[in-house]
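Asks: After the structure tokens below, expect a handful of questions from me.
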Amino acid sequence: MNEYTDRLYGLWLFLWQRLTWQMIFVFGAGIFLWRNILMPMVGDDYSYAFIWDGAAAGNLVDGIGPRQRIHSLQDICTSQWSHYFTWGGRVPALFLVQFFAWQADGGRFLFDFVSTAVFVLLVCLLFWLAAGRIESPGKSKAGLYWLLLGMFFAVPAYIYTMIWLTGACVYIWTAAAICAFLLPYSLAYWQDGFWQKKKWWHIPLMAFLGLLAGWSIEAGSIVTVLLTLAFLLLFYQRKRLQSWQLAGFTGLVTGMLLLLLAPGSYMRLKLMQELEPDYTMPPELMWTPVMFLYNFVEGFLPVFIGELPLFVPILLYLWKGERRQALTRYILLWVSGSFLVLLAMMFSPDFRAHAGFHAVIFLLIASAAALRAIAPQVKAWCAAKAKARFCLAVLGISSLTVWLMASAICLVIETSYNQQWAERKKIIAEHRQDDLIVVPAIEIPWQLDKVTGNRSLTNVLLMFGADLESNPQDNRSNIYAQYHGLKGIIIDKEIDWGKYGEENEW
């Protein structure tokens with residue numbers, strides 16, 4: 001047994017030593033870019049390519065009338081003004097959505113590369129937050145590998161939050177803004193001399209980053225305020241409170257208030273209850289055990305289950321690690337932030353799993369920090385114990401194999417998806433003058449979604465934005481037809497909403 005273990009461990013060391021951090025990072029970013037290139041504009045992307053018409057129920061409900069395409073930055077400003085007062089307060093993220101939807105007339109080329117740059121930036125920010133300093137990812141290859149695995153496997157609804165144009169701007173881009181804002185506080189926590197010498201740009205920079213972080217997404221914004229407040233209290237206790245820290249907090253709270261107090265958020269809920277009752281919980285069930293049970297089952301539980309592997313390094317550190325008060329407090333701060341996001345969403349009228357995205361981001365920081373702390377002990381355990389060598393080799397080889405295989409299967413699904421849209425466009429070109437164009441519904445090849453789950457496209461995702469609809473007046477078919485100058489378009493398949501829980505029996 002020991003001989004077999006040593007061979008397996010030797011194989012893992014052979015692979016690990018030849019995998020440079022650059023190779024790991026390029027693979028993760030390259031797959032991300034590839035998947036972006038394969039993804040066309042879908043769902044809400046088309047709705048946000050038009051000026052928001054708040055006076056006529058906006059752009060996202062069924063049965064809307066003609067809308068005007070965006071042709072300038074002024075159109076986007078007009079659109080976001082209307083959106084803020086009639087639908088919701090996520091202005092910075094949705095401004096970007098409308099900008100890239102406007103620029104995507106010939107495809108998502110610009111967005112694909114910019115979003116990949118944001119992904120790379122986010123991974124670096126997470127790495128630096130876990131380390132408590134800005135350093136090369138080569139300083140902890142295992143930490144970088146763990147972050148990339150977590151970004152691939154742990155984030156909820158990967159396509160929805162990471163790849164779709166609208167979803168990426170709302171989730172991964174706001175996560176990058178929040179992490180960029182929190183990084184100086186983290187560096188000041190670990191480095192007594194950080195930004196002690198005042199420079200003129202510290203205060204305006206932090207106020208601006210705070211405004212972006214606060215004016216991002218509801219649960220993430222609220223928890224970022226709480227995390228920043230915790231940092232400020234620690235700095236106050238240490239008598240190291242700086243003006244730039246207060247300026248950042250002021251910008252953060254301002255952004256949060258602009259987000260949470262947007263008149264449109266309340267108007268949207270009322271409008272959805274009136275026009276789309278199947279999408280929302282009846283008012284009489286709000287704040288009842290039914291609402292909390294629904295949010296727990298549909299949102300909290302799926303996100304928490306996906307996060308479970310991220311707790312392993314944290315538990316190992318707390319159980320067997322050489323615990324230091326500063327590091328333990330730091331790790332628990334981020335763990336608390338993760339739970340607080342999920343807790344905040346429990347009070348939302350509709351908590352779907354993708355809304356827990358920022359909970360995973362905060363937990364990734366804690367998990368990577370714990371992993372870095374226990375890495376020397378793991379090395380010592382492997383030197384002394386055959387069981388430790390066996391476990392590490394199995395985990396290492398299997399995680400790398402699963403990541404490679406899952407990436408390949410996701411690319412197969414998304415390549416097929418891209419090709420089906422290309423074939424569909426040929427049909428549209430041939431029948432452009434028809435009153436109603438009927439195109440084949442998108443199909444997942446070989447039911448591979450049962451293997452990948454929500455790491456890639458699923459039948460549920462096709463229903464909720466990734467495909468057109470079977471009624472020409474339903475929003476996605478309607479807005480797609482308007483965007484491409486068609487009289488009407490539907491798929492050749494009746495959507496069974498009840499099968500996937502859209503028709504809830506409250």
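Glycine is no exception: its Cβ is also placed from the backbone N, Cα and C atoms.
These numbers come from a predicted model, not from an experiment.
These came from TrEMBL, pasted as-is:
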| type | residues | note |
| --- | --- | --- |
| TRANSMEM | 20-38 | transmembrane segment |
| TRANSMEM | 109-131 | transmembrane segment |
| TRANSMEM | 143-161 | transmembrane segment |
| TRANSMEM | 168-187 | transmembrane segment |
| TRANSMEM | 207-234 | transmembrane segment |
| TRANSMEM | 246-266 | transmembrane segment |
| TRANSMEM | 286-319 | transmembrane segment |
| TRANSMEM | 331-349 | transmembrane segment |
| TRANSMEM | 355-374 | transmembrane segment |
| TRANSMEM | 386-406 | transmembrane segment |
Asks: State, in range form, which of 168-187, 331-349, 355-374 has the highest count of Cβ pairs under 8 Å to the transmembrane segment (143-161).
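Replies: The stretch with the most close Cβ contacts to the transmembrane segment (143-161) is 355-374.
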Asks: Counting CB pairs under 8 Å, which listed stretch among 20-38, 109-131, 331-349, 355-374 touches the transmembrane segment (207-234) the most?
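Replies: Selected stretch: 331-349, with the most Cβ pairs under 8 Å.
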Asks: Are the transmembrane segment (355-374) and the transmembrane segment (386-406) close enough to be called in contact, which here means at least 3 C-beta pairs under 8 A that are separated by 6 or more residues?
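Replies: Judged by the Cβ rule, the two regions do not touch, with the required three close pairs absent.
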